[in-house]
Amino acid sequence: MAGLCTRPSCIASAAGSRKVPVSLTVRPANLSLQRQQSSCQSRPQPKTAVSVRAVATGASSADAQSGDMVQPNQTLGPMLSPSAVNKSWVRLAVVSAVIAGLARFSGNLPAHGVSFVHLMCFATWFGTQFWVTFVAGIVQFKNLTRQQFGKLQSKLFPIYFLVGCACNTIMLGSLAFGPSGLAKRQLIVLGGSLIASLLNWVYVEPKTTDMMFERYELENAKTRSDDDHARIRSLRKEFGMWHGISSTINLVAFVGAVAHGWWLSGYLATIGRVVMV
């Protein structure tokens with residue numbers, strides 16, 4: 001079999017006999033790639049999209065037009081700034097006023113109303129302690145990194161100890177000034193729990209949290225000296241000690257909650273005996 005002639009003269013003669021116009025064009029192998037590159041260069045580049053966070057945090061219109069992304073650590077805009085009622089000192093003042101009013105005027109309140117307030121405070125206090133100590137803390141520890149867990153706890157613990165202080169104070173006021181009379185043993189139990197919660201809230205937790213964040217800062221540094229490594233080891237020991245102290249104090253408060261719950265259950269047992277009779 002004769003080979004196929006691919007010379008231009010052969011192709012031209014064949015085209016002339018068939019009267020088919022043939023144009024022989026040699027395309028470079030990278031022509032399509034060049035076209036794609038040229039089209040990309042000539043196509044106008046889209047502006048960087050403004051993130052939703054820029055709108056949510058109240059970014060300026062100049063930032064939005066320039067396409068600058070708002071970083072998470074930038075100051076929040078007015079929309080998300082805490083209002084006056086959400087500030088810690090305002091909350092503490094409101095709670096103190098309610099507690100003072102309850103302690104001053106609870107003697108004039110109906111016995112049923114005072115008992116209801118006391119029971120609701122106990123339920124809130126005991127439930128919060130049980131959930132934070134035996135459920136939430138364990139689940140968070142198992143599912144978060146060490147630093148994520150520590151940062152989350154640093155936000156939760158101040159609120160947790162504040163709830164304990166508020167509930168214990170209200171229960172103390174309802175027992176000491178309420179119509180049910182003075183229950184000396186329970187005043188000692190609730191007073192001990194209040195002191196434990198106050199100690200954790202005011203001193204132990206802030207001190208432990210400061211140590212934790214100092215350690216995180218050293219651990220996250222790009223470069224660390226020998227002194228930094230020694231400081232990290234020292235902070236690890238100090239943090240472990242103060243964390244153990246905080247846990248022990250929290251256990252004292254929880255034992256007080258269990259003891260007070262046992263005392264309250266005695267009234268339910270008395271009601272049951274009366275009903276059975």
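Any Cβ shown, glycine's included, is placed from N, Cα and C.
Unlike curated entries, TrEMBL annotations are predicted automatically.
Since we're looking at a predicted model, the values are computed, not measured.
According to TrEMBL, the domain 'TMEM205-like' annotation covers 121-217. In the predicted model, residues of the domain 'TMEM205-like' (121-217) average a pLDDT of 90.
TrEMBL lists 89-107 (among others) with the feature transmembrane segment.
Per TrEMBL, the feature transmembrane segment maps to 113-139 (among others).
Under the heading transmembrane segment, TrEMBL lists 159-180 (among others).
Residues or ranges marked as transmembrane segment in TrEMBL: 186-204 (among others).
The transmembrane segment annotation in TrEMBL covers 241-263 (among others).
Cβ atoms under 8 Å from those of the transmembrane segment (241-263) belong to residues 122, 125-126, 129-130, 133, 164, 171, 183, 185-186, 189-190, 192-193, 196-197, 199-200, 204-205, 207-208, 211 of the same chain, restricted to positions at least 6 beyond its ends. Residue counts of the domain 'TMEM205-like' (121-217) by helix, strand and coil are 89 helix, 0 strand, 8 coil (DSSP-based).
If one looks beyond the transmembrane segment (186-204) by at least 6 residues along the same chain, the residues whose Cβ comes under 8 Å of a Cβ in the stretch are 157-158, 161-162, 164-165, 168-169, 171-172, 175-176, 242, 245-246, 249-250, 252-253, 256-257, 259-260, 263.
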